[in-house]
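Peer 1: Can you keep this structure in mind? I'll have questions shortly.
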């Protein structure tokens with residue numbers, strides 16, 4: 001053994017060839033943490049010191065090669081002073097460069113996935129052999145940063161600027177054939193042939209058949225582009241990528257600027273340019289929010305996994321109520337491998353559900369994400385029915401009938417009589433109390449909420465709601481089924497609106513106040529979209545439906561009369577009373593026309609302004625910042641209350657619920673992380689400026705205490 005560490009070993013194989021093997025002890029995957037980097041430095045030094053070494057192959061002892069840097073270390077690292085962070089980055093980069101500069105040929109064998117720092121390690125080798133099932137990529141932009149271990153330097157010198165920009169700016173994972181096509185790897189072989197192919201390559205390089213020094217040299221030199229070629233490549237790509245990423249996600253464009261700045265430098269100077277830009281991005285609130293979001297998502301997955309032991313296996317599911325929602329649930333279950341019965345009392349409901357599932361499956365086939373055979377398989381897994389005949393075999397039933405307590409009570413009581421005693425029944429209610437709905441059941445312990453968000457196939461969140469009598473088995477089984485469907489479940493306790501709708505309606509309340517104070521709803525939409533929301537409040541209400549919004553607001557007003565009851569006539573009342581229900585009937589705040597693709601396109605309708613005139617109580621001169629605060633303060637404060645009331649257990653779950661459920665701007669990290677970014681004391685002071693707008697704007701006593709003590713939601 002030439003070197004043995006806790007993450008890396010180096011052993012002699014044959015004829016002067018050594019194997020540098022990544023196998024991080026106590027972990028299921030390899031990652032670049034401090035320990036691994038330290039091991040790599042010592043391993044490279046050991047290889048350099050051994051005169052008998054003629055070639056190196058790099059392998060992984062795990063099912064994946066290296067998943068990237070250890071993101072849990074980012075939070076503390078990114079707090080370091082700039083100079084210290086740059087120095088640490090350059091120190092790490094020297095390890096990769098020392099490996100690249102070894103006086104012998106190096107070949108890396110890529111199995112599973114090699115992402116971020118994992119793929120940057122691969123690029124430091126002379127040759128790359130990749131398994132047919134492996135994937136490679138540089139996903140750092142998804143964390144608000146760009147590659148920091150030489151990725152912006154080596155990749156453009158390996159595969160050309162255009163290809164490198166596409167890989168880095170998109171952050172996508174690339175399959176073996178695509179990597180080979182652009183020369184990011186040198187060979188692709190079957191997984192079982194990987195070691196053999198790597199050994200063959202290194203032997204050919206040792207014998208002189210392959211000139212490894214000539215292969216290595218372009219990575220050490222400046223980019224082979226003249227000034228005109230550089231201008232054409234970089235200026236065009238910057239404009240295109242800026243349009244794609246938008247102003248709130250600077251990392252993709254900064255990556256291109258870094259490649260451009262370093263284009264005329266050799267490797268070492270180019271890496272210094274990369275390090276300076278990397279640190280600049282690491283210090284942005286966007287990077288801090290996106291790194292936090294990643295860690296919160298990991299926490300969410302961990303919490304969901306903790307329920308696995310208590311969960312019963314769901315082999316057959318059922319959905320009550322077909323239509324668009326039922327069809328979406330059936331599609332999601334079937335396409336992820338769980339057969340499902342889809343029951344409705346009307347044939348047209350069944351047909352609508354089947355049409356929805358067929359449409360969604362057809363789109364996947366069109367995009368090449370599903371074969372026609374798999375589509376047929378998924379469709380066959382959806383069994384339409386108008387009776388309860390087969391419900392005796394069902395493990396879980398999702399009730400998705402109309403949002404009416406009486407109807408739901410009747411349907412729930414009825415289905416309970418047709419399922420096994422241990423079957424779980426879940427309601428897809430968006431606002432009605434689970435404990436109240438459970439009153440219709442003989443076995444309330446087997447009942448919980450399972451709230452999907454529209455459109456089901458696109459929205460990652462499922463709220464799993466615990467009622468007063470819900471058992472842990474019911475929660476665990478529902479969480480496991482949601483995960484099986486490819487969703488991100490968040491367990492919440494029962495209250496009107498649960499987590500997401502309870503938080504969303506105060507946001508709409510803020511919007512109603514803005515309109516009452518003379519704000520043009522089109523302006524409000526533009527301001528909130530610029531803030532980062534996928535759509536503004538007026539457009540969102542049109543998409544949700546004025547009838548749904550009106551009903552939801554009444555439920556919330558009944559549940560929280562002290563702050564959500566509004567005796568004044570609001571914009572939603574006006575639209576609802578005028579039968580302007582939104583997209584569903586072609587008129588709401590906006591009017592809707594069909595575009596060439598048959599999708600509703602919003603247009604400004606003067607009649608909407610006429611209808612709203614009588615409810616403008618006073619015209620206030622409100623800035624864009626005021627408009628943002630009118631809506632964001634109530635949303636954030638209600639999220640705080642949900643955490644304080646124990647509706648949701650952690651800040652991470654609250655924030656991820658909003659990001660996955662209503663499209664809260666990811667780069668802002670969620671409502672509680674947004675408060676942290678402003679500062680708790682500063683946020684409280686800001687809310688106090690709007691105190692005259694009512695109780696929705698009044699911070700809780702506990703939040704004031706946090707402000708006084710300098711506390712945060714995230715350490």
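Just so you know, glycine gets a Cβ as well, placed from its N, Cα and C.
Not measured: the values here are computed from a predicted model.
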Peer 1: The NAD(+) site in Swiss-Prot includes 325, 344, 401, 402, 403, 408, 430. Which of 264, 380, 454 is also listed there?
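Peer 2: Among the candidates, Swiss-Prot records only 454 at this NAD(+) site.
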Peer 1: Say Swiss-Prot lists 501, 660 as binding substrate: which of 268, 297, 308, 313 is in the same site, per that record?
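Peer 2: Of 268, 297, 308, 313, 297 joins 501, 660 in the substrate site that Swiss-Prot records.
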Peer 1: How far apart, in Å, are the two Cα atoms that lie farthest from each other among 297, 501, 660, the residues recorded as binding substrate?
Peer 2: 20
Peer 1: Summarise the model's confidence over the region '3-hydroxyacyl-CoA dehydrogenase' (312-715) as a mean pLDDT value.
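Peer 2: Per the prediction, mean pLDDT sits at 95 for the region '3-hydroxyacyl-CoA dehydrogenase' (312-715).
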Peer 1: By CA distance, which of the recorded positions (140, 297, 501, 660) lies nearest to residue 403 (NAD(+) binding site)?
Peer 2: 501
Peer 1: According to DSSP, which of helix, strand or coil covers residue 401 (NAD(+) binding site)?
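Peer 2: Looking at the DSSP assignment, residue 401 (NAD(+) binding site) belongs to neither helix nor strand, so coil.
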Peer 1: Please find which two of 325, 344, 401, 402, 403, 408, 430, 454 have the most distant C-alpha atoms, given that the record lists them as binding NAD(+), and give only that distance in angstrom, rounded to a whole number.
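Peer 2: It comes out at 20 Å between the most distant Cα atoms.
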Peer 1: Round to the nearest Å and give the CA-to-CA distance linking residue 454 (NAD(+) binding site) with residue 140 (site 'Important for catalytic activity').
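Peer 2: One finds 29 Å between the Cα atoms of these residues.
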Peer 1: Looking only at DSSP and grouping its letters into three states, which state does residue 451 (active site, for 3-hydroxyacyl-CoA dehydrogenase activity) belong to?
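Peer 2: Going by the DSSP assignment, residue 451 (active site, for 3-hydroxyacyl-CoA dehydrogenase activity) falls within a strand, counted as strand.
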Peer 1: Three states by DSSP: which one describes residue 408 (NAD(+) binding site)?
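Peer 2: Looking at the DSSP assignment, residue 408 (NAD(+) binding site) belongs to a helix.
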Peer 1: Sort the binding-site residues 401, 402, 430 by C-alpha distance from residue 297 (substrate binding site) and give me just the closest.
Peer 2: 430
